[in-house]
Structures are given as C-alpha cells and as structure tokens.
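Visitor: Sharing a structure with you now.
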Amino acid sequence: MKVLVIIALCLVAFQSALSKKIENFESYIEDLKSEARECIPLYNDCTAFKYNNNCCKDPEKKYQYKCSCIVCKEGKEQCTCQRKETVESMMKCVRFVKKVGEKVIEKVG
C-alpha cells in the first residue's frame, strides 16, 4: 500500500514538473519565433536578388554563401548573405525544434 502511495505521489510530482517544462518550452519556442521575425539593419542585403546567389559570391572563394530570407513581423521580407553551412545547420535546427514541439504538444494535448 505504501509503495502505491509513493508511486502515485511520484507520478503527480512528475506530471506537474513536466507541465511546467512544456509551458517553458512553448514560451521558449514563441520567443525564438518572435526573435527571428525582428528585422535588423543589413550590411549584406540581397533582398533584390532573392534566392539568386550572385550577390553572395566570396571573392577569395573560401566559403560558399546563400541568400537566406525571413519574413519580419510587418510582413516585410529581409534577406542576407550567409555561409551555406550556417544556413543549412539553422534549417536543420528549426526543423528539429518544430518536430519536438509538435510531439510534446501531441503527447500532452
């Protein structure tokens, strides 16, 4: 009997801790989204070229660059030249966080 009570208390504690973690995780994702939508002044703006990477050539041919675009809160698009590896890593991270968030919400909801 004591074991069942202890298990029940552990489950209740675990559930409340998990719900707090999920709330924190959801707010963290929202913070990331709003942060990503904030536009900043650009030094290597390639918006006029969109995804045409001619504006992102490296004269020393040391790195490959991509024109990466986001849509800001105002609906305005902003594009910058970034290293290809950075853009690809960022996209993998975004997809991973999105999948984890969906799975957590699916399990809870």
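Cβ atoms are placed via backbone N, Cα and C, with glycine included.
Per Swiss-Prot, disulfide bond is recorded for Cys39-Cys56, Cys46-Cys67, Cys55-Cys81, Cys69-Cys79, Cys72-Cys93. Feature annotation from Swiss-Prot assigns valine amide to Val108; the stated evidence is experimental evidence. Marked as signal peptide by Swiss-Prot: 1-19.
Situate these features within the shown structure.
Guide: A strand conformation is recorded for Cys81 (disulfide bond) in the three-state DSSP classification.
Under the DSSP three-state reduction, Cys72 (disulfide bond) is assigned to coil, being neither helix nor strand. A sphere of 10 angstroms centred on the C-beta of Cys72 (disulfide bond) encloses 13 other C-beta atoms.
In the three-state DSSP assignment, the secondary structure recorded for Val108 (valine amide) is helix.
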Visitor: Within 10 Å of its Cβ, which one of these disulfide-bonded residues (Cys46, Cys81) has the largest number of other Cβ atoms?
Guide: Cys46
Visitor: Filter the recorded positions Cys72, Cys93, Val108 down to those whose C-alpha lies within 10 angstroms of the C-alpha of Cys81 (disulfide bond); answer none if the list is empty.
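Guide: Within 10 Å Cα-Cα: none.
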